[in-house]
Amino acid sequence: MLSTMEGVLLSVSTSEAVLGIVGNTFIALVNCMDYNRNKKLSNIGFILTGLAISRICLVLILITEAYIKIFYPQLLSPVNIIELISYLWIIICQLNVWFATSLSIFYFLKIANFSHYIFVWLKRRIDLVFFFLIGCLLISWLFSFPVVAKMVKDNKMLYINTSWQIHMKKSELIINYVFTNGGVFLFFMIMLIVCFLLIISLWRHRRQMESNKLGFRDLNTEVHVRTIKVLLSFIILFILHFMGITINVICLLIPESNLLFMFGLTTAFIYPGCHSLILILANSRLKQCSVMILQLLKCCENGKELRDT
């Protein structure tokens, strides 16, 4: 039986999960409709669609595992279920960060202004950059999967009597946690570097505009600022998400820690829902479609009120 606070946190996290699914489903559907109409999907459309789908899967895995852990913990007892959840989590989590990193690099190469020959070379060969990131993702999986397989094979991670039993030292748990999330750390560092370079590009552009006495409210500056806001929002929200996941991992070592688990879950769900709304507001096509849907819903509501009167 859940306490009042646990019930409140579960309701909040469920609402966040629904918001994340709705927002990311909207992003995926808009891009799929564009593909159906144009018979072609742009790079940005492909990245946004992949990011939205991976976030939907991420939310479904988290919320499903949470409800099973709380209400039907005996379902997590079989070792093959633990192994399946672990593999799915690694694939979806790292794929989600991969798409987010690809999105940030795409914006960076399209918007930033640098004359360095490496930047110019990368800008002309953006497809090679994505292939390199795919290679990094595959290598990350190759490092992560054996760690999970060894943990399960050695019976170091079991679910007994409604609680996880971790049979390893804390130092070993930390090392395994780092190895299984190595790809996440790598892509997150790339995103931090990209955001830093975009800020430098904006600063140089503003100085150039000031020296030419052309003012600051030009289109390039606004695009820079909008993109930096999107990247910074992702960084902040993803840090909160990762903190929530880390709290849930800590719960593996603490018996009867449902309240702490709920708090971690609520924190983790802030990222997929809120950032999808930020992407919708930052993308002109997605924003236009969302406004049309809201206007349609408003018209339907007004029509219903007229029929009732």
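Keep in mind that glycine also has a Cβ here, set from the backbone N, Cα and C atoms.
Under the heading topological domain 'Extracellular', Swiss-Prot lists 1-7, 65-87, 149-182, 255-259, citing sequence analysis as support. Per Swiss-Prot, the feature transmembrane segment maps to 8-28, 44-64, 88-108, 128-148, 183-203, 234-254, 260-280; the stated evidence is sequence analysis. The annotation topological domain 'Cytoplasmic' is assigned in Swiss-Prot to 29-43, 109-127, 204-233, 281-309 on the grounds of sequence analysis. Marked as N-linked glycosylation site by Swiss-Prot on the basis of sequence analysis: Asn161.
The transmembrane segment (128-148) shares more Cβ pairs under 8 Å with 88-108 than with any other stretch in the list 8-28, 44-64, 88-108, 183-203, 260-280. Contacts between the transmembrane segment (260-280) and the transmembrane segment (88-108): absent, as fewer than 3 C-beta pairs lie under 8 angstroms at sequence separation of six or more. Across the topological domain 'Cytoplasmic' (109-127), DSSP classifies residues as 13 helix, 0 strand, 6 coil.
The stretch in closest packing with the transmembrane segment (234-254), judged by the count of Cβ pairs under 8 Å and taken from 8-28, 88-108, 183-203, is 183-203. Among residues of the same chain six or more beyond the topological domain 'Cytoplasmic' (29-43), those with a C-beta under 8 A of the stretch's C-beta atoms are 49, 52, 106, 126, 285-286, 289. Over the topological domain 'Extracellular' (1-7), the average per-residue pLDDT in this prediction is 82.
Remote same-chain partners of the topological domain 'Cytoplasmic' (109-127), defined as residues 6 or more beyond its termini with a Cβ less than 8 Å from a stretch Cβ, comprise 43, 197-198, 201, 204-205, 220, 223-224, 227. Away from its own ends, the topological domain 'Extracellular' (1-7) comes close to residues 70, 258-259, 262 of its chain (Cβ-Cβ under 8 Å, at least six residues beyond either end). Residue counts for the topological domain 'Cytoplasmic' (29-43) under DSSP, helix first, then strand, then coil, are 11 helix, 0 strand, 4 coil. Residue counts of the topological domain 'Extracellular' (1-7) by helix, strand and coil are 4 helix, 0 strand, 3 coil (DSSP-based).
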